[in-house]
Amino acid sequence: MSWTVPLVRASQRVSSVGANFLCLKMALCPRQAARIPLKGAWRFTSVSKMATVKSELIERFTSEEPVHHSKVSIIGTGSVGMACAISILLKGLIDELALVDLDEGKLKGETMDLQHGSSFTKMPNIVCSKDYFVTANSNLVIITAGARQEKGETRLNLVQRNVALFKLMISNIVQHSPHCKLIIVSNPVDILSYVAWKLSAFPKNRVIGSGCNLDTARFRFLIGQKLGIHSESCHGWILGEHGDSSVPVWSGVNIAGVPLKDLNSDIGTDKDPEQWKNVHEEVIATAYEIIKMKGYTSWAIGLSVADLTESILKNLRRTHPVSTIIKGLYGIDEEVFLSIPCILGENGITHLIKIKLTPEEEDRLKKSAKTLWEIQKELKI
């Protein structure tokens with residue numbers, strides 16, 4: 001009796017990025033093949049049939065030359081990281097998205113979930129790994145990962161724990177994408193932007209903190225709500241630290257070029273009968289309110305980061321209030337990162353806008369700088 005010996009290949013999907021790794025490839029007799037366990041994700045396919053289908057379906061027409069490739073990597077697949085990912089994908093800004101996280105199960109699950117929607121985003125090249133090699137040759141790397149504050153922990157201790165994490169992340173990013181731009185989203189964002197700048201040794205234009213871009217969006221939204229006008233038509237800035245000591249620039253708030261301060265000279269002060277200062281107080285309080293209700297903030301910061309990403313990758317040269325080194329401006333002598341209006345393009349921050357501040361606004365900015373410096377000077381980087 002003679003046997004026909006088929007050639008088979010066993011492959012198992014072991015990665016959420018869709019890579020199939022050959023685990024078995026041999027000629028088997030029927031008795032041997034019957035003893036191979038077929039449980040789990042193992043799959044046997046005729047090699048010759050796959051090759052035939054492909055060769056019958058597709059014929060090479062020309063050799064493919066490398067083209068301009070736009071790649072963004074996101075470090076951290078928590079609620080903020082994934083909000084950044086989907087916001088960027090829906091804008092159609094990139095050719096490749098890479099995700100990195102230490103939680104391999106969540107990382108693969110989130111990646112598969114995005115991949116399965118790639119028909120709707122028109123961007124199928126979504127990859128992931130615990131290893132930073134997957135981020136190689138990124139144009140832009142967005143860091144959302146970081147340690148969370150524990151009960152009773154001081155801000156300095158929290159920052160120091162994040163410094164340890166950043167040492168690992170930044171060294172890997174620099175190794176694989178030495179020419180990338182960095183957007184830091186992890187909190188406290190201003191201090192960690194400074195840490196990333198120091199650890200990476202990148203030029204200052206290539207390290208950008210998400211800073212007050214979201215604070216400013218909230219500010220404009222709330223002004224619009226009060227006036228019954230769309231937020232895009234409300235012009236105003238929140239500068240300084242992202243957080244409780246941020247500075248509302250009431251002197252520059254205007255609608256269609258009409259300064260609100262010309263209509264209400266006390267706007268934003270305690271003397272203001274309309275209590276416009278409550279708008280800024282709500283900007284600060286709203287994040288805490290959202291966290292209290294849903295446990296975290298995600299969508300607005302994700303959209304904010306996608307907005308910054310668009311300005312950089314498309315070289316739009318739009319102005320954003322992002323965190324950058326501010327030493328030498330507004331009488332600030334400390335080497336700190338704070339938000340001021342910056343022009344963003346393909347090289348990162350190309351110019352700073354020297355926005356005119358009142359003496360009171362400038363004093364608040366200086367106070368913000370000193371608050372950050374008191375923490376930064378104690379850091380062990």
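Cβ coordinates are placed from backbone N, Cα and C, and glycine is handled just like the others.
Residues annotated as active site, proton acceptor in Swiss-Prot: His242. Taking Cβ-Cβ distances under 8 Å and a sequence gap of 6 or more within the same chain, the neighbours of His242 (active site, proton acceptor) are Asn187, Pro188, Val189, Asp190, Gly209, Ser210, Gly211, Cys212, Leu214, Asp215, Ser323, Ser339.
Residues or ranges marked as NAD(+) binding site by Swiss-Prot on the basis of similarity to another entry: Asp101, Leu102, Asp103, Glu104, Gly105, Lys106, Arg148, Asn187. In the three-state DSSP assignment, the secondary structure recorded for Lys106 (NAD(+) binding site) is helix.
Neighbours of Arg155 (substrate binding site), defined as other CB atoms within 10 A of its CB across all chains, total 13. Feature annotation from Swiss-Prot assigns substrate binding site to Arg155, Asn187, Arg218, Thr297.
Taking every pair among Asp101, Leu102, Asp103, Glu104, Gly105, Lys106, Arg148, Asn187, the residues listed as contacting NAD(+), the largest Cα to Cα separation comes to 24 Å. The most densely surrounded of the binding-site residues Asn187, Thr297, judged by C-beta neighbours within 10 angstroms, is Asn187. Each of the binding-site residues Lys106, Arg148, Arg218 was assessed for Cβ neighbours inside 10 Å, and the highest tally belongs to Arg218.
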